[in-house]
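Encoded as structure tokens, the structure appears first; notes follow it.
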């Protein structure tokens with residue numbers, strides 16, 4: 001994993017997770033539970049528009065609460081939903097909620113513009129300035145700022161670490177303010193105190209998830225420290241970070257998963273970044289990662305010293321061999337995406353997997369290629385394994401490599417129909433490459449259930 005931006009492909013689900021549409025359906029059902037509870041109270045609704053605003057307000061607050069579960073790295077939840085799916089839904093829901101929070105006061109007074117337009121602007125001003133609605137105004141303002149900061153994060157003079165802290169703590173404040181606004185201005189709690197109690201309890205759980213992330217989780221991670229073994233140059237733009245357990249504790253993972261790595265030396269420091277594991281469980285107590293130099297954090301890895309303490313949150317993700325179906329496996333890596341793909345290949349080699357395996361490794365130049373010597377050794381010892389190197393820029397000395405990009409034409413030319421019809425396709429790479437390759441795989445007639453991809457960002 002690296003810190004990139006990505007728009008996920010439309011036609012597949014990440015890793016071994018449930019389809020995104022199913023997660024969306026389940027979350028919509030959860031959001032409508034408080035809506036249905038509110039409607040069941042039999043309060044008088046003056047008109048259809050008032051009903052719509054009431055439903056949107058209650059559903060919006062419920063969706064806001066659900067955001068904490070989607071982004072909370074809760075192991076059981078992310079295994080069930082898929083962490084890529086959860087974060088994708090978290091981002092999209094956040095944008096929609098910010099828009100609704102911004103429009104909420106205008107929707108409340110909108111009928112005035114038709115019934116009594118001379119009073120509409122004064123009512124709107126009162127909505128923004130009245131003491132009893134102040135918490136709602138503050139929640140709306142803070143949320144809009146936080147969401148805009150997330151959307152334009154790469155353009156702001158703000159470090160990733162500062163953004164993460166402000167994002168988590170800021171939304172905890174928004175949740176508290178929004179809950180207070182709901183129970184002091186909403187009508188349902190006036191008639192049934194249990195309705196207000198429900199919001200307070202759910203808000204407490206949401207804030208507790210933030211406290212867990214900032215206080216309890218660091219305490220748990222401190223019990224299983226790792227230390228740096230080495231940082232070695234793997235290509236012109238990539239390094240291999242190797243760490244090992246610094247103590248006697250259990251640590252289990254599967255090849256292809258990823259971890260959030262905190263290299264600050266302070267377990268409570270919110271500077272962890274996600275990186276995919278390039279090694280296998282057989283390599284424990286050591287772990288290795290292929291890390292491309294893409295920013296301030298990754299460029300500073302050279303400063304890590306052997307013996308320096310690091311902390312790991314995870315493992316996370318479902319980009320594992322458990323999702324493989326059929327008698328063939330196609331591994332496709334682009335650039336920095338070689339990390340988890342290399343982990344899967346090493347695991348297949350360690351297992352002496354009898355299935356037909358084909359690796360496609362795309363890179364800009366030969367100087368950016370990682371671990372090709374090891375890949376060639378696996379070719380020599382594993383009869384059922386083939387590898388194709390694809391370079392955007394080549395010369396005559398690199399004639400062994402394909403020139404261009406990983407696309408439908410290349411795949412259909414180098415894979416027979418039986419492989420295409422039977423293989424599980426694992427894809428990891430930069431945003432544009434990932435979307436294009438998944439699209440081309442679909443054009444070959446491969447169903448979504450056999451296309452497994454890994455995002456390089458959250």
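The backbone N, Cα and C atoms fix where each Cβ goes, and this holds for glycine too.
Because the structure is a prediction, the values reported are computed rather than measured.
TrEMBL lists transmembrane segment at one of the ranges 49-70, 71-92, namely 49-70. Residues 17, 54-55, 58-59, 61-63, 66, 70, 81-82, 85-86, 89, 187-188, 191-192, 195, 198 of the same chain, all 6+ positions outside the transmembrane segment (23-43), place their C-beta atoms under 8 angstroms from a C-beta of that stretch. If you look at the transmembrane segment (135-153), the same-chain residues 6 or more away from its ends with a CB under 8 A from one of its CBs are 91, 94-95, 97-98, 101-102, 104-105, 128-129, 160, 163, 166-167, 170-171, 173-174, 177-178, 180-181, 184-185. Residues 34, 37, 61, 65, 68-69, 72-74, 168-169, 171-172, 175-176, 179, 182-183, 189, 268, 270 of the same chain, all 6+ positions outside the transmembrane segment (197-216), place their C-beta atoms under 8 angstroms from a C-beta of that stretch.
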